[in-house]
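Asker: Quick one: this structure, given as structure tokens, is what I'll be asking you about.
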Amino acid sequence: MSQPESLPFIADFPLKPHNTFGFDVRARLACRIETDAQLLAALRDPRAAGLRRLVLGGGSNVVLTGDFDGLVLLVALRGRKVVREDDEAWYVEAAAGENWHEFVSWTLAEGMPGLENLALIPGTVGAAPIQNIGAYGLEMCERFASLRAVELATGKLVELGAGACRFGYRDSFFKQEGRERFVIVSVTFRLPKVWAPRAGYTDIARQLAAVGLGDATPTPQAIFDAVVAVRRAKLPDPFVLGNAGSFFKNPVVESAQFDALAAKEPEIVSYRQADGRVKLAAGWLIDRCGWKGRTLGAAGVHERQALVLVNRGGASGTEVLALAKAIQQDVAQRFGVELEAEPVCL
């Protein structure tokens with residue numbers, strides 16, 4: 001990495017523009033990170049000594065429940081390139097501050113498909129491994145090669161492979177033991193040269209059929225376009241209505257528990273997993289409990305997608321968490337299923 005350089009710290013920094021819920025909270029200190037050297041300088045600056053650090057990219061997967069008494073690192077690292085290729089795949093590196101959707105679009109434009117099912121997911125490249133983002137039959141970990149990160153406590157640069165990242169369903173090492181310990185600076189993806197479409201989800205298949213591709217093998221661009229169309233139809237724009245996308249993970253239950261649920265609820269939406277367990281559609285469970293479109297204080301459940309909690313104007317992070325807890329209690333009482341929140345709550 002480059003040698004440290006000085007950079008401005010901003011006191012009493014407003015975080016409302018930097019979280020997609022639009023919570024009106026502030027940080028004690030903040031600085032914008034555009035280079036490796038600036039990151040090192042921020043970590044070593046005596047003004048931030050002893051302060052808690054929070055890394056923000058797009059702010060699309062965080063619930064801020066109050067002012068942050070520490071240093072916020074606004075990651076704006078840019079750059080994307082093919083670092084190598086072999087007979088089987090391209091290896092593409094992107095800096096952590098790159099917009100995720102724009103990166104996916106770029107890989108397609110460069111003739112390197114493989115990420116199209118993850119189009120239009122909000123946030124940055126650096127946030128993708130933390131959450132192990134996924135949608136419509138693909139998880140990021142399936143295209144992951146490695147990442148570079150800086151340890152907050154020491155400023156040491158490390159390179160981590162998939163094993164060290166311990167990816168799970170919307171989970172990783174960075175949400176568990178590694179939480180608040182690292183700043184991801186770049187991610188390298190492995191995009192296979194032998195491509196096969198993943199168009200099995202009903203919404204995607206229906207959208208492809210609507211544009212005359214129901215019986216044809218879709219191209220990567222066609223799947224990209226279908227995913228974008230479906231997401232825009234179902235999910236609110238966070239710049240218009242504050243939200244963090246899907247708020248709850250789809251719960252996975254044992255086969256016996258699913259059979260008992262299906263006997264009582266024959267219309268339950270489910271997806272059989274390779275290990276025999278069954279993934280349930282959290283949105284369906286929430287809708288069945290009557291929460292779709294409801295409001296609690298200034299927080300609410302979106303009218304078209306029950307998985308999405310929204311800020312209807314002036315809501316606090318505490319109000320959103322209170323709404324989430326009420327939903328979790330109702331789902332647990334009716335179905336005996338525990339819903340887990342996707343965003344990081346601070």
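Don't overthink the numbers, they just go from 1 along the chain as shown.
Yeah, the Cβs are placed from backbone N, Cα and C, and that goes for glycine too.
Here's the feature list from Swiss-Prot:
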ACT_SITE  R170  active site
ACT_SITE  S246  active site, proton donor
ACT_SITE  E342  active site
DOMAIN    23-194  domain 'FAD-binding PCMH-type'
Asker: Which ones in the same chain are close to E342 (active site), with CB under 8 Å and 6+ residues apart in sequence?
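Answerer: Non-local contacts for E342 (active site): N61, Q131, R170, A244, G245, S246, F247, F248, K249.
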Asker: Across the domain 'FAD-binding PCMH-type' (23-194), what does the mean pLDDT come to, as a whole number?
Answerer: 96
Asker: Tell me, by DSSP, whether E342 (active site) is helix, strand or coil?
Answerer: coil
Asker: DSSP secondary structure for S246 (active site, proton donor), reduced to helix/strand/coil, please.
Answerer: strand
